[in-house]
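**Q** In case it helps, TrEMBL gives these features for our protein:
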BINDING   Cys235, Cys244, Cys247, Cys249  [2Fe-2S] cluster binding site
BINDING   Cys272, Cys275, Cys283, Cys286  [4Fe-4S] cluster binding site
DOMAIN    9-171  domain 'Anamorsin N-terminal'
DOMAIN    234-263  domain 'Anamorsin C-terminal'
DOMAIN    267-301  domain 'Anamorsin C-terminal'
REGION    272-286  region 'Fe-S binding site B'
MOTIF     272-275  motif 'Cx2C motif 1'
MOTIF     283-286  motif 'Cx2C motif 2'
Amino acid sequence: MADFGISAGQFVAVVWDQSSPMEALKDLVDKLQALTGDEGRVSVENINQLLQSAHKESSFDIILSGIIPGSTTLHSAEILAEMARILRPSGCLFLNEPVETAVVNNSKVKTASKLCSALTLSGLVEVKELQRKFLSPEEIQSVREHLGYHSDSLLSVQITGKKPNFEVGSSSQLKLSTTKKSSGKPAVDPAAAKLWTLSANDMEDESVDLIDSDELLDPEDMKKPDPASLRAASCGEGKKRKACKNCTCGLAEELEKEKLRDQISSQPKSACGNCYLGDAFRCASCPYLGMPAFRPGEKVLLSDSSLNDA
């Protein structure tokens, strides 16, 4: 019992399950009561009833689970979280559990590393493995009877974890400095300040040469660039000239004007000059027959059927 660090006046919880031999449980409780004395207390809890227990937070200094010789207790994540809750700050948990040495998918028995990870996720720190041993024939039989698990690669490990020295949800005031920081500007080298300072008197000094911004431009910079020189290398190249989607070089406008000229030139020309006056003044073969009168020079588009009929 000295391995668990139990002393007089401490509150200890012993967790057992159906695999725990009753005689061994009674012997363990008697030894613990002798160690804790009258000022301490030893509580015995069934693991299946632990979640329904009325224990308050930070109730025990030490929790022993599966420590009873012959026990084959498995600890779920909920059970480990409840044990961490009822432990006092800096309290310790000691547990024994059968583990797998081989990786088995969907196994109810965890490996030693997964068991240590489960204790860490429950909120414990300084989790470490204390002991590892082979299962006794009685323990192997107990695993088969109470857990319904058959494996030849089982070991029994003893693992401990410690609760942090603060309670879940506790708060602490931060000590912030109340002294005001100096708002003074950093010292400036007088020589450097004088170097970059320009006063009105300096502007009147004839020795100060000011550069005219217009002199920075060459005559070539003042000329308007040729639109053809602004086009990209591949703009308008190929058998069919085509402007870019967001044309900015003027090719789109140029192609639009060419298209308009082609449409105007494709329209039939009036031989008599009276086509715009209406059907009363048009000849029998006029392509504008049946169309309303229009102004001279106004753009009139004829459909292909009108041109074929004409």
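Just so it is clear, glycine is given a Cβ too, placed from its N, Cα and C backbone atoms.
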**Q** Other Cβ atoms within 10 Å is the metric here; tell me which of the binding-site residues Cys249, Cys275, Cys283 scores highest.
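**A** Ranked by Cβ atoms within 10 Å, first place goes to Cys275.
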**Q** Using C-alpha positions only, work out which of the binding-site residues Cys272, Cys275, Cys283, Cys286 is nearest to Cys249 ([2Fe-2S] cluster binding site).
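**A** Nearest in space to Cys249 ([2Fe-2S] cluster binding site), counting only the binding-site residues, is Cys275.
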**Q** Cα of Cys247 ([2Fe-2S] cluster binding site) to Cα of Cys275 ([4Fe-4S] cluster binding site): how many Å, rounded?
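**A** With distance taken Cα to Cα, Cys275 ([4Fe-4S] cluster binding site) is 40 Å from Cys247 ([2Fe-2S] cluster binding site).
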**Q** Taking each of the binding-site residues Cys244, Cys247, Cys272, Cys286 in turn and counting other Cβ atoms within 10 Å of its Cβ, which one has the fewest?
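**A** Among the binding-site residues Cys244, Cys247, Cys272, Cys286, the lowest count of other Cβ atoms within 10 Å belongs to Cys272.
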**Q** Please report how many Å separate the Cα atom of Cys286 ([4Fe-4S] cluster binding site) from that of Cys244 ([2Fe-2S] cluster binding site), as a whole number.
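**A** Between the Cα atoms of Cys286 ([4Fe-4S] cluster binding site) and Cys244 ([2Fe-2S] cluster binding site), the distance comes to 41 Å.
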